[in-house]
Amino acid sequence: MLLPIATIFFQTFFARGDGFIHLWQTVLPTYILNSLGLVIATVSLSLAFGLPAAWLMTMYRFPGQRLLRWMLCLPLAVPPYLIAYVYTDLLDYDGPVQRGWRQIFSLHSAGDYWFPSIRSLGGACMVLALALYPYVYLLARKALLEQSATLLQSARLLNHSPNSAFWRISFPLARPAIAVGASLVAMEALGDFGTVSYFAQPTLTTAVYDAWLGYGDLGAAARIAALMLLLISFIVTAEFYSRRRQQIYQKTMGQERDGVPALSGIYRIVAQGYCWGLILLAAGIPCMMLLNWSWRYFSWSASFLHYAWNSVLVSVPAAGVTLLVSLLLVFYSRLSNERSAKTMLRLAGLGYAVPGTVLAIGLLIPLAAFDHGVNIVARMLSLPLPSLLLSGSIIALVLAYSVRFSAMMIGSIDSSMAKISPSLDMACQMLRSSPGRMLTRVHWPLLRRGVLMGTLLVFSESMQELNASLLLRPFNFETLATYVFTFTSDERLEQAALPAMVLVLVGLFPVIYLNAVLENKK
């Protein structure tokens, strides 16, 4: 985890070339402002979408609520760039929405009417918010479920309206969880490439690609990546300080939730309409469009199977490596009382905060240096040149995925490990069991649910990862994500609908399992 970050900051101060200075004097300030605007607007919209949904799901009862609880998480299965592709096809000038608008009002050209452009910074913010609001929804809903119902009952006795009770009681108590969700949305928005690239909106992420692949200036790309790391550090620090002093001691609702009020009449219709409308916009319309295109333009080709196999070939080892490293780190942290073990675990979990673009830059430089050194040694010993062992193979992708998504695996295993009673460890020590035997015979059977959750998350995220895949893939190596991106860049989304649906289906498995776990806890 520290190697990519250290590499980027080393390149920032010691890389040669004046490409960064030229970018700073010309377009980079615009890129920074666009990135800040993208993050702020996406977080604001995600809060506007996710908080009301969490409040309705937690504090009221109405028909269809059980189904809505997990369907509100469906956008997590759909990569943001797929939502962007679908809505561009629907809302662009030649799309069915504007064609119908022109037919209804007898309009002939774009100059005859005004229609908001989907290929804009505002369109990118809306698409990202639709894809990312479940982070806010899930964490806010969990925090609201843990609040005591007696607080709201007391507020009602004091003649507070539901709106007043939310802002004066529920929201302050849930603010730490909401801050975590908002920070996740901010980091995802800052690191997005597929959506902003397709909408032709210049941000820091696209600047990294332009500097590296367009101008061939790796030093400038590393310096821009360092700027992104500084923004990420600011987001993480702001989230930490927003909840550092807020320690909450409260009784969990438990069975008290049986007394929540039931909505009726117009209020029930509005609540159901809001939740179903959000699901339809964020997941329903994109999935229906992809299914329609998959059926109409179905073409079973060997290349599709080949690229699907490539994705599996990279994602399975990434999940395996992440599982092994995370399991050992969590187990070592449990057995050790040293602060260094806890620090090591926290550092390993920071990978998700680093955008895939930044991670790719930070990994490629040391891997390429290693390959260069190996080739020098081979030439000195008159051995066959091994070429690019690491930087030119799928090993680079496996390493990037493992570092990027290790936080998911560590979080899943650590939460399961925390539920294991320390008395079991003491019993094993009294029986003189070795640490390895303790892990395999005692802890592993109790960790299997958390391991399965983490493995599904890492596998699905690796299958859908676009940023690192575009930069680190070997020559003539395509994954499903890069395959879809290539087709959509050529305005041929219909031909990429089938692999896009495969990516959505892969993302559904952890979403379904996560909701099953949440329902069991509830």
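The backbone N, Cα and C atoms fix where each Cβ goes, glycine too.
Remember, TrEMBL labels are computer predictions, not curated facts.
Features of the protein shown, as given by TrEMBL:
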{"type": "TRANSMEM", "residues": "31-55", "note": "transmembrane segment"}
{"type": "DOMAIN", "residues": "32-236", "note": "domain 'ABC transmembrane type-1'"}
{"type": "TRANSMEM", "residues": "67-87", "note": "transmembrane segment"}
{"type": "TRANSMEM", "residues": "121-140", "note": "transmembrane segment"}
{"type": "TRANSMEM", "residues": "177-200", "note": "transmembrane segment"}
{"type": "TRANSMEM", "residues": "220-241", "note": "transmembrane segment"}
{"type": "TRANSMEM", "residues": "274-295", "note": "transmembrane segment"}
{"type": "TRANSMEM", "residues": "307-332", "note": "transmembrane segment"}
{"type": "DOMAIN", "residues": "308-514", "note": "domain 'ABC transmembrane type-1'"}
{"type": "TRANSMEM", "residues": "344-369", "note": "transmembrane segment"}
{"type": "TRANSMEM", "residues": "381-403", "note": "transmembrane segment"}
{"type": "TRANSMEM", "residues": "496-518", "note": "transmembrane segment"}
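Proximity of distant same-chain residues to the transmembrane segment (274-295), defined by a Cβ-Cβ separation under 8 Å and at least 6 residues beyond the stretch ends, is recorded for 49, 52-53, 56-57, 68, 71-72, 74-75, 77-78, 82-83, 86-87, 89-90, 130-131, 133, 493-494, 497-498, 500-501, 504. Beyond its flanks by at least six residues, the transmembrane segment (344-369) meets 1-8, 11, 187, 190-191, 193, 205, 208-209, 212, 218, 221-222, 225, 228-229, 232, 235-236, 325-326, 329-330, 332-333, 388, 390-391, 396, 399-400, 403-408, 410-411, 414, 465-469, 471-472 of its own chain at Cβ-Cβ distances under 8 Å. Non-local neighbours of the transmembrane segment (381-403) in the same chain are 1, 4, 313-315, 317-318, 321-322, 325, 351, 354, 356, 359-360, 363-364, 367-368, 370-371, 374-375, 458, 461-462, 465, 468-469, 472-475, 477; each lies 6+ residues outside the stretch with a CB under 8 Å from one of its CB atoms.
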